Every structure is written in C-alpha cells, then in structure tokens.
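K.L.:
Before I ask anything, let me first share the structure, which is written out below as structure tokens.
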Amino acid sequence: MCWPLLYPLVLGLSISLAEGIQTPSIYDDVESTRGSHEGPLGPTVELKEPKSSDKPNPRGYPGKFCANDSDTLELPASSQALLLGWVPTRLVPALYGLVVAVGLPANGLALWVLATRVPRLPSTILLMNLAVADLLLALVLPPRLAYHLRGQRWPFGEAACRVATAALYGHMYGSVLLLAAVSLDRYLALVHPLRARALRGQRLTTGLCLVAWLSAATLALPLTLHRQTFRLAGSDRMLCHDALPLTEQTSHWRPAFICLAVLGCFVPLLAMGLCYGATLRALAANGQRYSHALRLTALVLFSAVASFTPSNVLLVLHYSNPSPEAWGNLYGAYVPSLALSTLNSCVDPFIYYYVSHEFREKVRAMLCRQPEASSSSQASREAGSRGTAICSSTLL
C-alpha cells in the first residue's frame, strides 16, 4: 500500500534528476544555442544563460501571457509534455473515478447508519462529520474527472472552476482536520478514561467539528478569489487551475498553499501522531488483551500519513528552493499525488466504520429492513460503554 502512495514523490525527484540543467527556466527568456532534442520526458532545450535564479519555483505550471491576450498562457515544451501526458489524462481520472465509485456508496451508507442506528454519542458526531466530508469530496470530483478525461479541457466556466477547486481542497483538508479531532477523542477515551467522562461532551465535540469546518473553509477561500481558467496557447484547451500566470505565483498563491499544507496537513498529522502514539502505548501496556485495537490504531495512523504526506511534501518542495532548476516541473508529480490523497476518503469508511462487527450488523439489519428492536441490545451495550476505556468496535 505504501509504494503506490509514494510513487509521485519518487516521480518528482526523478523528473528533477532527469531534466538537470537542461530544464527550461520558466522565469527566463530561453534562447536556444544548440537546438532542441528529445529528452527522457519530452522535448528539452539547452540554455544559453539564465538571467535570474532568485525567484521561487511556482506551485502550478507557470505560463506567460501571449501578446495582447490576457486569456491565453504560453507554457514551456517540457511543461506541456507533462500536462498532456498519460498520467493526468488517464491515471488521474481513473483514480478520481475509483473515489467516486467507492466513496459515494461507502460513505453514504455509513452516514445513514450513523444517523439512524447508532446512539448519538460524542464520537458518533465526529464520525458523522467525517463521513460528510468524505462524501462531499466524492461529490465534487466528477467535474475534475471530466476535465482530465477530455484532455485538460474545462467546459464549465470560470466560476465552476473556482468552486470545484476550492471544494476539492476544502473537503480534503477538512477530512484531515476531522481525523485529528477523532484521534483526540480516542486519546481521551483510552488514555484518560476517567477524565474523559467530564471532557467528552457535546460541547467539546461540536467545537471540534466547527473548528475543523471553519478552518478548511478559510484555507480554501483564496481559491475562490482569483482567476483559475486560462487558454493554452496554440490549442483549444481551457485549463482549470493547472496553469497560472507568473505574476500571480509569488503574490498570493505561494503563501496560500504553504498555509494550506502546513495548517491543513502537517499540523493535524502531528496532532494525530501524538494522540495515537500515546494511545498505542496505553494499548501495548495491556498486553495481548487489546491486540486488535492496537493493530487497528496503527493502521489508522499509517493510512493518514501515507495518504496525505507525499502530495503535501511535493507542495512544500515547490517553494523550498528559490532556484527553478532545483526541482524542475514538480507539479507533474503533484497532480497524481493529489489524486492518490483523495483515495483516503475510500479507506476511511472501512477502517473507521465497517471494520466493526457491530456496525456491519447494523448495516445488514438496515438493508434487510429488520426492525430496530433487533439491534437494541447492541445499542444499549454501546451506550453503556461510554465510560469505559475500550470497546470492541471503533465507535468509542
């Protein structure tokens, strides 16, 4: 599971090493002194002399406006080769299609069961919000899927591009923040069970959910305030978010995406690591009694780190070195890594909900239209476990 998720990071580094000093400097007026030739990833041009190397490497494919046309961007040949290759036009839509096909029914059914068949405990509210975030993420992907399948042609207009891009990032990072909130709730329940009786209430749970949603909305807000669609020079392609003017890269996109990666991913993952680390120590201290819960907790932590770390590391690397030649076209590796990150919304239902035998029984009872009384004994047992440190399901 780890290798496919780390592949975009390895791809980004290989792109940089393969291009070396032959990568066209996207900030300079490139003059060819020896002509062009085919490189490992497409046409490359040998540079005569870069005029400057002190500008930051941008987040997306950076383009220059065509003369007397503010709607059209020119991209270097190497960037166009990555933008129109098989990865963004075949692999990425396949991953998005998998998220829609699996994430919609899995999260929709889980949300239905949580809302109708599970006692309304504080942990239930957190898991319901997580299911909503993952469900909404799957719902906003079809426009992006159509865009990539059409060969990077956005047919829905500027406003739809802004909303779709902001919704993609907002719901994905909202899921990360809610995962951190769930880890805090489980830490209190398992490590401090007596104190949890006073702390784990509706007020704390509601506050955590509000903070997660408001933070995600704030982090995604810049994506709705600036233009995102531009025509690719020499083609009929209307790009959505994949190519942005050079003049806008450092002014607002750089700080916006640095904040998105740090506050929306690295800080929540750090909180999850601390909470689940303490939880794992508490479970390990009890020996084999809670071995299943121990393995499940480790799986939850590994899934979050493996899903979100590669794409956000690539995002930060874009700004880590002021020299454009340092990392090359890392955005070509970032696009598939972002698609891999969305797969977490398919994994969440199975490691948080369906892994529980009690939850599967509730799903079966609902699908078979069994009366609610058939699962009342299980509901009473779950409600009675509110003050315990461990219960057999994931619904703490």
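Heads up, the Cβ atoms here are built off N, Cα and C, so glycines get one too.
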K.L.:
Check Swiss-Prot and name the cysteine among CYS66, CYS240 that pairs with CYS161 in a disulfide.
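P.N.:
When Swiss-Prot is consulted, CYS161 turns out to be bridged to CYS240.
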K.L.:
Please indicate whether the topological domain of LEU149 in Swiss-Prot carries the same name as that of LEU330, placing both on the same side of the membrane.
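P.N.:
Going by Swiss-Prot, LEU149 and LEU330 are on the same face of the membrane.
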K.L.:
Most Cβ neighbours within 10 Å: which of the disulfide-bonded residues CYS161, CYS240 is it?
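P.N.:
In terms of Cβ crowding, the pick is CYS240.
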K.L.:
Contact between the transmembrane segment (121-141) and the transmembrane segment (332-355) is defined here as three or more C-beta pairs under 8 Å separated by at least 6 residues; is that satisfied?
P.N.:
yes
